[in-house]
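Straight from Swiss-Prot, the features:
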- V118, R125, F126, S277, R314, P546: acetyl-CoA binding site (BINDING)
- R342: active site, proton acceptor (ACT_SITE)
- R342, E437, G462, F463, L464, D465: glyoxylate binding site (BINDING)
- E437, D465: Mg(2+) binding site (BINDING)
- D636: active site, proton donor (ACT_SITE)
Amino acid sequence: MTDRVTVGNLRVARALYDFITDEALAGTDLDPDSFWSGVDKVVADLTPRNQELLARRDDLQAQIDKWHRQRAIGPHDADEYKQFLTEIGYLEPDPGDFTITTAGVDDEITTTAGPQLVVPVLNARFALNAANARWGSLYDALYGTDVISEEDGAEKGTSYNRVRGDKVIAYAREFLDGAAPLASGSYADATGFRIEDGQVQVELGDDQWVGLADPDQFVGYTGELGSPQWSILLRNNGLHIEILIDPDSPVGSTDKAGVKDVVLESAVTTIMDFEDSVAAVDAEDKVLGYRNWLGLNRGDLSEEVSKGDKTFTRVLNPDRTYTTPDGSGELTLPGRSLLFVRNVGHLMTNDAITDAEGNEVFEGIQDALFTGLIAMHGLKESDANGPLRNSRTGSVYIVKPKMHGPAEVAYTVDLFSRVEDVLGLPQNTLKVGIMDEERRTTLNLKACIKAAADRVVFINTGFLDRTGDEIHTSMEAGPMIRKGAMKSQPWIKAYEDQNVDVGLATGFSGRAQIGKGMWAMTDLMADMVEQKIGQPKAGATTAWVPSPTAATLHAMHYHQVDVYAVHKELEGKQRASLDDLLTIPLAKELAWAPEEIREEVDNNCQSILGYVVRWIDAGVGCSKVPDIHDIALMEDRATLRISSQLLANWLRHGVITEEDVKTSLRRMAAVVDEQNAKDPDFKPMATDPDSSIAFQAAQELILAGGTQPSGYTEPILHRRRREYKASVAGA
């Protein structure tokens, strides 16, 4: 039984109440009683509206399901379908031309294009690594990944391989030639660096010194001129590059110019995630996340890390200070990524707070209140608030996921306004990032932006969740194509193009981020470097990466592409059509061979089991899960949603049977067990699937997938995780 504190009509879990009262409110000048009274009032006033919005989702889905069932025989009539969606209010009127007016936004969001990390906030080590990933070693990123091949004696090995190191150095020199070219010659021939009359000069041998093609790219340096250990700071497309020189270092001693590393400004922004990458089902979990968020905003989060026989404490990096080129002043740059926080969406409740009747309070309301409160510590430096600051413009950046249409965005705006009143913050302090990951938001994106025109700081496409909603919305229309074929469908290209086009049409360039989705293949960095440049080329000012290393590698793309120049080329264009966006990804004919169907079912079942077993048994919401071919993929609830919805769709239309699903799950459970055999804490599923809560959760996600709200996985996952925690506690 959870110990609770009565606050008006609310019953707050003691762990949450004590944390907020004793830790989060400390140093804010807010009176605890007044704050909790405000929480009570916000919950009472906004809960009915939240419920109405969810009922509207269900009503629209029921009408769409009925429409498709009535037309099960015969071809799909696209014009009739579009008219129907308009009549029921699913498609809403275009709001006309406007420009967003969001003010007080940090440069990292408005004018600096670069990578964005998303990290589970429940894991302090991951959170610290991500916050510190503002700067990353290009040498390390190249040496440790497959961007540099292991051919011709360049194996990684267990100790430094000079052959591989030389390849890294050559790659970095070629990168510098593109990002900060010399007036003549190449960095590949550099034998020395110096500063003369406030300008950087590079020696190309035989005492031949050349400057930069654009001298203004040199913006600072560290160290004493003439000292062997120093660095040069360059800037290109708004991002910084630092060349570290130390001829006595292990790497510098092998380099003819004494360069020991090239450091890139990498994860310009990071999203600390309370949503799809975490497993937070109760007050205990939520407090862990809130406490880490507090440490990040106060600047005092730390974590003991062990590597081999060494243990050290990881803390947040300080800002970086450089001497200006003429030697007369200082330039200070942020040492940490600018932090967003992703709240949960409108659907879920959490028993961290209940009302007097025992009903759980909407988790999105809780997150807005508590993450907003905690973020106040990141707005100013003081003894009470901590030594570091997040925003330098006084803003709090909250990503709001899984909103369906303009009315839900308007509700979020009103929620944030009420939170500001409770916290005593100026209106529009809480900024919103709109995830364009639900079909009704995509189709009405301009109206969604209009609803938050004075708060919006980003729009972002999320292919996986968006595909999950695409399948669920049209669940009754017929069997869908295979998962791997989704990316080649007309609606996908239209979806990605429209997000950029609408963002530009509403004034995002220079004011807010236009984002694109995650690279999930965590070990395939060579492929990422080759392919992910397509996102900035398409107009994205940021795109998601799975690790600090990936952030450093992806940062190269923003040196190679001037995204704001791309915006000028794209402005005024409308590349996406509504007809393409409404094209349902139905299989034109069921021409799959039995082995193809089995492969698709096995692949999805393995993916579901591999992710769900860690979610339920270990409380891990974001996992590097090997797929059926042992390729490591970054999995979160979005990947789970699409996999479970596809199988639910095939089950609904008789492509597969319930027995096919159960048989595949049992077979794939053995595969997942084997993939996790080296984990001493892993509980095998295949030996007794009936008693494995994780196995049963995976099975339920598929068999009951057709009836889950919007195809979301959270209701089943949360219930089953609580069931597992209760079983462990009672053991």
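Backbone N, Cα and C define each Cβ position, glycine as well.
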Site extent for acetyl-CoA, whole Å (max Cα pair distance, V118, R125, F126, S277, R314, P546): 22
Cβ neighbour count within 10 Å of P546 (acetyl-CoA binding site): 23
Three-class DSSP secondary structure - V118 (acetyl-CoA binding site): strand
Using Cα positions only, nearest of the recorded positions to S277 (acetyl-CoA binding site) (R342, E437, G462, F463): R342
Cβ packing number for the residue listed as 'active site, proton donor', 10 Å threshold: 24
Between the residue listed as 'active site, proton acceptor' and V118 (acetyl-CoA binding site), the C-alpha gap once rounded to whole angstrom: 9
Cα-nearest neighbour of P546 (acetyl-CoA binding site) within the listed recorded positions, L464, D465, D636: D636
Cβ neighbours within the same chain of E437 (glyoxylate binding site) - under 8 Å, at least six residues apart: P401, K402, N460, T461, G462, D465, R466, D469, A638
Sparsest Cβ surroundings (other CB atoms within 10 Å) among the binding-site residues V118, L464: L464
Whole-number Å value for how far F463 (glyoxylate binding site) lies from R125 (acetyl-CoA binding site) (Cα to Cα): 28
C-alpha spacing of F463 (glyoxylate binding site) relative to F126 (acetyl-CoA binding site), in angstrom: 24
When distances run from the Cα of L464 (glyoxylate binding site) to each of the recorded positions V118, R314, D636, the nearest one: D636
Intrachain C-beta neighbours of R314 (acetyl-CoA binding site), sequence separation six or more, cut-off 8 angstroms: R125, L128, N129, N132, S302, E303, E304, V305
Sequence-distant neighbours of F463 (glyoxylate binding site) in its chain (C-beta under 8 A, six or more apart): K487, I492, E496, G517
